[in-house]
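Some features that TrEMBL has for this protein:
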- Ser7, His65, Gly141, Phe142, Gly143, Gly144, Asp174, Gly175, Gly176, Gly196, Ser197: substrate binding site (BINDING)
- His32, Asp34, His65, Asp174: divalent metal cation binding site (BINDING)
- Asp34: active site, proton acceptor (ACT_SITE)
- Asp174: active site, proton donor (ACT_SITE)
Amino acid sequence: MNILSPSILAADCARLGEQIDLAEQAGAQYLHIDIMDGMFVPSISFGMCVVSSLRKYTDMIFDVHLMVEEPTRYAADFARSGADIITVHVEACSNVEETLDWIHSLGRKAGLSVKPATPIRSVEKYLDKIDMLLVMTVEPGFGGQRYLPASTERIREARKMIKEKGLNVDIEVDGGITKQNVSTVLEAGANVIVAGSAVFHGDIGQNVRDMMAVLNAAETGKPAEI
Ligand code: DX5
Ligand code: ZN
């Protein structure tokens, strides 16, 4: 199933609830929440209190992307705050397998993410331990960057590895996804689409409807009318 996961990093934080309502009403299924620790990436974003406040506000699936060094330190806090999917970076864990097991033991889905410069093959041995693979399509740390074209081949390779192993793992893409290039990543094998600027800048409802039209069309094989 194709899923849209709007990234609140691009939202107006003073109007977060309102803007999330618009995205949800227009058909977005997940909410992508970027957690940055100022170490794994230079910037700092949201903490547990934002997640737990939003949890009381909406039933959307919380797709929490931990751009955090040694994420085992925080996985339980985010699970408690209301995360449904907890994604960690392969580059940030001293023991990837233990980290994924820890997330599952908390009763949450586990995602594993790779930065653009990390070989995609480095996640192969973990594929049977994850629910979602997050292929970063920009260098993590900031919203509003341009999609790295080399990502398309990486998504294709990831989908091939998952298929060869007969696994049912979602492939999420994150960074620089727009109405114009979303069909490229879908065609390459991604099925969970993060979009920050492309959803929250401009008319949120219309942006989500346009994106969903492409996602749904890719599933049914009919061309999207946007
Ligand atoms: C970047 C974050 C992304 C970001 C995407 O480090 O992980 O989730 O919000 O923003 P856009 O869609 O604007 O590139
Ligand atoms: Zn993200």
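Glycine too: its Cβ is placed from the backbone N, Cα and C atoms.
Automatic prediction, not curation, is the source of TrEMBL annotations.
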Number of Cβ atoms other than its own within 10 Å, given for Gly141 (substrate binding site): 17
Binding-site residues close to ligand 2 - of Asp34, His65, Gly143, Asp174, Gly176, only those whose C-beta is under 6 Å away: Asp34, His65, Asp174
Binding-site residues listed as Asp34, Asp174, least Cβ neighbours within 10 Å: Asp34
Top Cα neighbour of His32 (divalent metal cation binding site) in the set of binding-site residues Gly141, Asp174, Gly176: Asp174
Residues close to substrate site centre defined by Ser7, His65, Gly141, Phe142, Gly143, Gly144, Asp174, Gly175, Gly176, Gly196, Ser197, Cβ within 8 Å: Leu9, Ala10, Asp34, Val138, Pro140, Gln145, Val194
All-chain count of other Cβ atoms within 10 Å of Ser7 (substrate binding site): 24
In three-state DSSP terms, the structure that Gly141 (substrate binding site) belongs to: coil
Asp34 (divalent metal cation binding site) and Gly143 (substrate binding site), distance between Cα atoms, whole Å: 10
His32 (divalent metal cation binding site): tally of other CB atoms within 10 A of its CB: 28
Among Ser7, His65, Gly141, Phe142, Gly143, Gly144, Asp174, Gly175, Gly176, Gly196, Ser197, the record's substrate binders - longest CA distance, Å: 17
